[in-house]
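Working notes, beginning with the structure itself.
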Amino acid sequence: MANQNHDGGAYLIRGARPLGGEPADILLRGGTVAAIGAGAAQAADGAAEVDAAGLIALPGLVDLHTHLREPGREDAETVAGGCRSAAAGGYTAVHAMANTDPVADTAGVVEQVWRLGRDSGLCDVRPVGAVTRGLAGERLAELGAMADSVAGVRVFSDDGMCVSDALLMRRALEYVKAFDGVVAQHAQEPRLTEGAQMNEGEVSDRLGLGGWPAVAEEAIIARDCLLAQHVGSRLHICHVSTKGSVEIIRWAKERGCDVTAEAAPHHLLLTDGLVEDYDPIYKVNPPLRTAEDVRALRQGLADGVIDCVATDHAPHPIEAKETEWSTAAMGMLGLETALSVVHHTMVDTGLLDWSGVAERMSAAPARIGRASGHGRPLAEGEPANLALYDPAAERVVDPAALESKSTNTPYRGMTLPGRVVGTFLRGVPTVLDGKIQ
Amino acid sequence: MLEGPEIQRALTRIAHEVLERTKGAEDVTLLGIPSRGAPLAHRLAERIERVESRTVPCGALDITMYRDDLHLAPARALGRTEIPPEGIDGRVVVLVDDVLFSGRTVRAALDALNDLGRPRAVQLAVLVDRGHRELPVRADYVGKNLPTSLRESVTVLLEETDGLDAVLIGPRRERGGGRTDETRAAGGEEN
Amino acid sequence: MRHLLSAGDLTRDEAVLVLDTARELAQVGDRSVKKLPTLRGRTVVNLFYEDSTRTRTSFELAAKRLSADVINFSAKGSSVSKGESLKDTALTLQAMGADGVVIRHSASGAARRLSNWVDGSVLNAGDGTHEHPTQALLDAYTMRERMGRLDGLRVAVVGDVRHSRVARSNVLLLNTLGAQVTLVAPPTLVPVTAGSWPCEVAYDLDAVLPKTDVVMMLRVQAERMKDAYFPTAREYSRRYGLDKERFALLGDDAIVMHPGPMVRGMEISAEVADSPRATVTEQVANGVSVRMAVLYLLLGGSEPAIGN
């Protein structure tokens, strides 16, 4: 099986369309793109050929926001299983969130996760470190130790919990400057969301489910943008879900704040109307919002106000979802459907072209996460991380057919465009013909 | 099969028979089975009162909740039950219905009466007896015997509920197929 | 199979059918044999995850008057309290052959979830802060009996609308039946989007009462105070409690309703609660008739005649 330093096999990818452009051959050898275009076939010299006619070649996707559940909830997902999902979705690197059990708040835990990822060989796993010990929001975790560990943590987040204490957030933003880190904030004012079950609006009021007001997200984003600018730090906003958030981030960027933001695929497609039947498959944090929010997110992503798409891939076992709404777990699968959802919501609508998709799903997240070797252009000498995508394919999403250990996809039964046919990690195929290698 | 004047004559005859058999109808309470038994009971009461110049307690007894075929059709709307203030204990209750067919309606009515009190006697008056009994039931007073085929249906129309008096015979309607049962259909069908 | 999950599931005709049926069935309570054979051989399960003796007893009595076999499955002393999931409980009831399941649950939507897992009819007897359709039906029944009509009736629903399943079901049902509903509460206890509901919203009870035929007082739980929905019980009572002086603002024919249990003193004064124009005990009696009607219409035939 593929090994991350494997440089034996060479591959000639024939007739793929880099970033959706004119067909070209791409030669992968020694973990890098050896040649691209006219000269590639002549230089192939015994390389295995991959027929990629009609397929779009994209740089390997990078996810800034993945829950791999290991250690602690191996019943929902493991690092190895999550890496299969990632590869199947065209990803070559994922950032594993810190809300595991134990929490990834020490060098020991992040190194364990990093090693499990390396052992899978399917995808680079970049652990995210917790901002505060135990995600408790009280004292800073040993951010420097995690940064200096072999995992080389650069993204810190209490995701799932908001760093709501303004002073603690200020300190974290300042502290991570020492090692070029970034704090990824889960923006959720805790008092405003006590008992919150879904987006606060017409649907929640009718269904009698506790409302999750947009302002609970927006107020934290506004505060943190101001804080980040004040202390001159990098700030990243996780899973932006409201129109107001997009407007605030746009404003913050205009006034020079070093803020970046991500949107989750489900927030680009699904709305709170789906909650009508109380099926917790649609329960997620932040909650599904309104059609107006969806429109604003798509526009923000097109404009670059939202820098990237991040899946917030959150596997849960069946029993956590086959229950009444209020006790169900929050979160949905995302890795294996993200590219299709972006294709459907951004490309088919004319909001992004394929080079835009490469920027939002590979280059930008790699930049934000400092994932060196990822998110690079498809060019000679660059690391051979890429995804081959068939834009003409169609599939009806079947939870059982997903690689993830869990099945909580909100797209069950939906027809989505496109299919990841191949994924290469440093020149080694992790997926070929749509199958994990 | 029967027109207005014949129906009137039949009811008048039944009224006299009731008077005769109950020796002046002193303890009689008339209970019509909705929907069309109820107006028939009232007509009988009027006729008896005309002859005897005395009021006869008259009411309605809905038997829907006692039917044995509830599970064969969607739950249906209830008819009115109105028991005269005298109650039925010790009374001679004359049940009144439009058509006597299988006898199942009468069986249900007897069950219903049982839950309401203890009449001294129960008698049955029907406008039409079309035969084909499925239970050991017979009428004490019959307006007209109408031998029919099982492939036919008998429909009674009354001024009070339908705007005219008539008894019609037509091809049989399917039972239990959706909501077009006798409570919805135009005209009362036999039970 | 069809269910009664929301008052909004009922069309006007269906709602009227329930009320008319209840009216006929009300007579059963006055007879010597207070029982009908209609649901003989059918099994009704009362699945109560919240303590509610009055609602459970009302359903139990209704089912028994229709001769159904009734099983009470309460959260205490059953596998429910040992952490069995709602789905597993549902499968158990399914295996027992429950024809109808009456569910009371603290989670909004629990009744709808249950309806996915059982073949029998599900009757929502209150799910979290969502709905309580049979309460709305018995309220509408009580109003119709007292006032003779529902169409055009002006109904004020006063109190903790935000957390009230009774309010939600009443707004939907009364609107279906042609009544005009005004919600009256401090703004903190009104849902943010209640303006889009088929009713009016007001904050000044004194201004609403003279134009009201029916006042429905909702229960206000003391813990709302801790969450700062209003400053003190005294201030709430002063602004939204129905005392003798406010009662005098009502027209002479107007009635006062309360779904119970009442907090005397805070939301309603003792004089008002005991007034002949208060319908609290009637509501309890009517509850049995209405629930008999719903059970009959859902379980009595080959397929339910109401609900979805």
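Cβ atoms are placed via backbone N, Cα and C, with glycine included.
Since the structure is predicted, the reported quantities are computational estimates derived from the model, not experimental observations.
Of the residues proposed, A:D312, A:D348, A:D353, A:D390, the one TrEMBL records at the same Zn(2+) 1 site as A:H65, A:H67, A:D159 is A:D312. Residues A:D159, A:H186 are given by TrEMBL as Zn(2+) 2 binders; from A:H239, A:H266, that same site also lists A:H239. Within 10 Å of A:H186 (Zn(2+) 2 binding site), as judged by C-alpha distances, no binding-site residues are found among A:H65, A:N99, A:D312, A:H316. According to DSSP, A:D312 (Zn(2+) 1 binding site) is assigned to coil rather than to any helix or strand. In the three-state DSSP classification, A:H65 (Zn(2+) 1 binding site) falls within a strand. Here A:H239 (Zn(2+) 2 binding site) is positioned 7 angstrom away from A:D312 (Zn(2+) 1 binding site), judged by their C-alpha atoms.
Other residues of the same chain near the Zn(2+) 2 site, with their Cβ within 8 Å of the Cβ centroid of A:D159, A:H186, A:H239, are A:H65, A:M97, A:S157, A:G160, A:A184, A:Q185, A:A187, A:Q188, A:C238, A:N285, A:P286, A:D312. Long-range Cβ neighbours of A:H316 (substrate binding site) (same chain, at least 6 residues apart, Cβ-Cβ under 8 Å): A:A76, A:A329, A:G331, A:S406, A:N408.
Around the Cβ of A:N99 (substrate binding site), the same chain contributes A:H67, A:A130, A:L135, A:D158, A:D159, A:G160, A:M161, each under 8 angstroms and 6 or more positions distant in sequence. Counting other Cβ atoms within 10 Å of each Cβ, the lowest count among the binding-site residues A:H65, A:H186 belongs to A:H186.
The Cβ centroid of A:H65, A:H67, A:D159, A:D312 marks the Zn(2+) 1 site; residues of that chain outside this set whose Cβ lies within 8 Å of it are A:T66, A:M97, A:G160, A:C238, A:H239, A:A310, A:T311, A:H313, A:A314, A:G331, given in sequence order. Between A:H239 (Zn(2+) 2 binding site) and A:R69 (substrate binding site), the C-alpha separation comes to 18 Å.
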